[in-house]
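Below you will find the structure I want to go over with you.
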Amino acid sequence: MGWILKYLPSKLTACRRRGSPRGHAENDDRESCSVRGSESSPLSVARYSWGAIEALTSGFSTVIGSGGFSTVYLGRISGGAASKLAAVKVHYGSERLHLAFKQELDILLRLRHESIVSLLGYCDNPDSGALIFEYVSNGHLQEKLHGGSEKQPVLPWRARVRIAFQLAQALEFLHDKCALHIVHGDLKSSNILLDENLNCKLCDFGFSKLGFSSTVLMPSPRSKHVMMGSPGYVDPQYLKTGIASKKNDIYSFGVVVLEMVMGLEAFCAERGHLAGLAAPALRDLERRTAEEVAEMVDPRLKGEFDVEEVRAMLHIARLCLSQSPAVRPSAVRVVQLMSEKISSVFFDWAWKCRGKTPSNKIERWY
């Protein structure tokens, strides 16, 4: 079993891909509408004309991101004496894609959470649609971990732990605190935006599923259903069955945790899937010495981490990556485990950033 620990450090610098720039992001041609969210307070969202969308993006002049079904433009919302930046996600194309836009809009109108990117407005035209989001200024997690630039600062261990905790809280909200539970469907490091304080903002609900149980039946062979997920992050059980559930998101969360701990991408042609590479070491985690655990950590951190916190994070990742979805923890349980088992010093900082006070001292796991 020792080979994996010797193999991992040699691969830590492999396949460090350069992240593509991305940021998630109103005019007089808009009408205010108050749409009820999943909480008791209404979610106030503005509806825009297409002309207003063209104006606030300066004629779609600045592209800040793109995907298979949409393009994201930089926009500027005017309001009173000041204006603010926004990210405008524009959907063009077929009736099927417009239905996907409507589904994404329906989900976004239910969401209000500090670790989920905020919807500010939308345009719903027969031919095209646009979603206007807050502009999150600090890029995304993937480029912070794998950007490839020597000048880019290394993401500190404290920030990685905090981002993981905030992401778990966002999943807890989606899975258990919305009136209709939501499966995100495409959880990955490039869909985790970061603000100026390195707080997590989960984005891109284009693959999300909505329902009371958040379980979606397998599509028929003749359907034009688009499989959700991304290479390296997608749950193997979903690929086998085509049935989407909350536990798909939990699997992807486990991959993101591995990515942050080890500094490796979720998938690379040279070594395959990160989850598969790490599996032997994760199975034997309890018997590993502190030195062996430290060998699994992103070398760019240069020892600036707590080994027992690393062990705890890897244990949570192992639970989330369990082969059987039934064995994986819920998002509620993940939040509980992180709150209980990871050293309080980092969560004191996280709670202070949120304007809260921790209720009790957090004990060590081992």
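Note: Cβ is positioned from N, Cα and C throughout, glycine not excepted.
Below are the features I grabbed from TrEMBL:
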type	residues	note
REGION	17-38	region 'Disordered'
COMPBIAS	23-33	compositional bias 'Basic and acidic residues'
DOMAIN	58-347	domain 'Protein kinase'
BINDING	Lys89	ATP binding site
Restricting to the domain 'Protein kinase' (58-347), report the mean pLDDT as a whole number.
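Result for the domain 'Protein kinase' (58-347): average pLDDT 89.
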Give the three-state DSSP assignment (helix, strand or coil) for Lys89 (ATP binding site).
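Assignment for Lys89 (ATP binding site) reads strand.
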Have a look around the residue listed as 'ATP binding site' and count the other CB atoms within 10 A of its CB, chains all included.
27
